[in-house]
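Notes for the one structure printed next.
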């Protein structure tokens, strides 16, 4: 390294000395050489990259250009006769990466960091970087725009994406997987206060009214609780636990769902409910529904397991029922009849 630096200094010294010793000359055929510039109709030596012209050639004294090395934070990248070196660009922004550092022969270059694209290009890299579009769950990166932003496309049959990302593409569906678990709970309320619902989420998820609490626990599968919806549609209050349609479950394990319907009364007796519908066949799963006490409301639980990786959309449907089927036209509380609140959730498949 020292020998290289010494050679470079010696080279510059030679230029400075030669600049003094070699006199400017008249153009040949009206032109100067590539490493020269024309001043007062004389061809004078240019300074090489990394230096500047601290003194121009002088026809009166018959002396050539004097070149001086650039200082720290400055540069010249080509032959020149500039009166001073150029200042390097400042440090890169937080959303940029430095692809070339500042030295005496090159400017600093900043490019956009991963996850960003260039909105405004300059002669030395990008001047303004902005965040790339992030593809949501069920969508993957399929290309880029002319400016470098991400193009998102829905994952096709046999592919999936379960991330929110500006880099991930749709991936092939792993073998032995299914991807949709829908748990719908229909409540036929019997009093005004039972129209009100509260929810909790997590591994143990619950829906509560003034009369009962329904809790769902799950193991070896992931029926994610989305923004559930509560509505009075045809005088039926409906709540639901839903998965996203592109969340894949490993069917090498048995998906286990355990429900408890606990009535808010003094009756502590419990019993296991019997399935009213059972279409087992396409994937392993296990369910139990325990009723504690005796509720007045009618409760229907529907569980739908779907394999959306097949063209015909194979499904297993499990259902349970507890309570008396009410004459809702005669017994529906007045407040339930006018209470309508629907949030962003997937529509039910059963109503």
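Here the Cβ of each residue, glycine as well, is placed from N, Cα and C on the backbone.
Per Swiss-Prot, these features apply:
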| type | residues | note |
| --- | --- | --- |
| DISULFID | 32-43 | disulfide bond |
| DISULFID | 44-57 | disulfide bond |
| DISULFID | 47-67 | disulfide bond |
| DISULFID | 70-85 | disulfide bond |
| DISULFID | 88-102 | disulfide bond |
| DISULFID | 92-110 | disulfide bond |
| REPEAT | 31-67 | repeat 'TNFR-Cys 1' |
| REPEAT | 69-110 | repeat 'TNFR-Cys 2' |
| SIGNAL | 1-19 | signal peptide |
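Remark: of the disulfide-bonded residues 67, 88, the most isolated position is 88 (fewest other Cβ atoms within 10 Å of its Cβ). Assigned with DSSP, the residues of the repeat 'TNFR-Cys 1' (31-67) fall into helix, strand and coil as follows: 0 helix, 19 strand, 18 coil. Its Cβ taken as reference, residue 70 (disulfide bond) is surrounded by 22 other Cβ atoms within 10 Å in the chains shown.
The most densely surrounded of the disulfide-bonded residues 43, 85, 92, 110, judged by C-beta neighbours within 10 angstroms, is 110. Residue 43 (disulfide bond) has none of the disulfide-bonded residues 67, 70, 85, 92, 102 nearby, counting only those with a Cα within 10 angstroms of its own Cα. In this structure the C-alpha atoms belonging to residue 85 (disulfide bond) and residue 67 (disulfide bond) are separated by 11 Å. Cα of residue 57 (disulfide bond) to Cα of residue 70 (disulfide bond): a distance of 19 Å.
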